[in-house]
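Enquirer: To start, I am sharing the structure in question, which I have written as C-alpha cells.
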Amino acid sequence: MSGNLPNTDDVLLQVPDVRCLRSAAETDHPPRILLLYGSNRECSYSRLLTLEAERLLRYFGAETRVFHPTGLPLPDDAPVTHPKVVELQELVEWSEGQVWCSPERHGAMTGVFKSQVDWIPLNSGAIRPTQGKTLALMQVCGGSQSFNAVNQMRILGRWLRMLTIPNQSSVPKAFLEFDDGGRMKPSAYYDRVVDVMEELMKFTLLTRGNSDYLVDRYSERKESAEELSRRVNLQNL
C-alpha cells in the first residue's frame, strides 16, 4: 500500500509526471476542428456564426470540417448506418477539438442541435470518440443576450468527457450582427468570437497529443487489471 493510503494499489497508483506530456511540436499535422450548428433554416444565424468561427480557425492554422445537419434523422429513428449518421460519427472521431453553436429557442438549445449530440456515442468499441477533446461553445439569440444554450451545452460536453474551454460566446439580436453578405459586422461580440477561437486553438495545441494521458484514470486502470485477472483465471480453469 502507498504509505497512509491503504485502500490503493501501489502498482496502479501513479504520480502525475510532466515527462509523460508530449510537446506540441511532436504532432505533425494541423489541429483538426469539427464545427456543429443547430438550425436547418435557409437564413441560419448559427450557421453564419459557425462559418465566421471556421474562418478564424483556419487563419489560426486549423484544419476544419463543418457538419451540416440537414437530412440527419432523429435519434433512434434510423439505423446507425444512415449516411448522415455515419458522416457525423466519422467527423467526431477525426476531430481533435470541436465548436458547438446553437440558437436559443424556448430557453434552450434547439432540437436540431441536441439530435446531433445524441447521435454521438459515448463508446465505440474500445474507443471513446470524444473523451479528452477540446470544445468551444457559442449561441445566437433572437432577442436579448442569454446563456441558457451554452450552459446546457457545457453540461453535454462534460457528459461526453470533453475539455470545454472557459470562454464562450453569446450573440444577442443576431439578425443585427450580420451584413447582407452573411458576414459578421465588427463589434464587441465579434471580438469575443475571436477570443473564443484563439483560446480553443491554444487549448487544443496543449492537449491534443496528451489526451490519452490526461484522461488515464486510476479507477479504470484498476478495473482493467481486475478484468485481465478474471480472464486469466477463467483460462486456467
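Using the three backbone atoms N, Cα and C, a Cβ is placed for every residue, glycine included.
Heads up, here are the entries from Swiss-Prot:
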type	residues	note
BINDING	Ser39, Asn40, Arg41, Glu42, Cys43, Ser44, Tyr45, Ser46, Ser102, Pro103, Glu104, Arg105, His106, Gly107	FMN binding site
Enquirer: Can you give the largest Cα to Cα distance in Å, as a whole number, for the residues Ser39, Asn40, Arg41, Glu42, Cys43, Ser44, Tyr45, Ser46, Ser102, Pro103, Glu104, Arg105, His106, Gly107 that bind FMN in the record?
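Expert: Between the most distant Cα atoms of the FMN site, 22 Å.
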Enquirer: Among the binding-site residues listed here, Arg41, His106, which has the most company in the form of other Cβ atoms within 10 Å of its Cβ?
Expert: Arg41
Enquirer: What number of additional C-beta atoms lies within 10 angstroms of the C-beta atom of Glu104 (FMN binding site)?
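Expert: Looking across every protein chain shown, the total is 25.
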Enquirer: List nothing but the one residue from Ser39, Ser102 whose Cβ has the fewest other Cβ atoms within 10 Å; the candidates are the binding-site residues.
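Expert: Counting other Cβ atoms within 10 Å of each of the binding-site residues Ser39, Ser102 gives the minimum at Ser39.
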Enquirer: Including all protein chains shown, what's the count of other C-beta atoms within 10 A of the C-beta of Cys43 (FMN binding site)?
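Expert: So the number of other Cβ atoms within 10 Å of Cys43 (FMN binding site) is 10.
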Enquirer: Give the sequence-ordered list of residues that share a chain with Tyr45 (FMN binding site), lie 6 or more positions from it, and have CB atoms under 8 Å from its CB.
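Expert: Once residues fewer than 6 apart are set aside, Tyr45 (FMN binding site) is near Ser39, Pro103, Val140, Val171, Ala174, Phe175, Glu177, Phe178.
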Enquirer: Provide the three-state secondary structure of Tyr45 (FMN binding site) computed with DSSP.
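Expert: Once the DSSP labels are grouped into three classes, Tyr45 (FMN binding site) ends up as helix.
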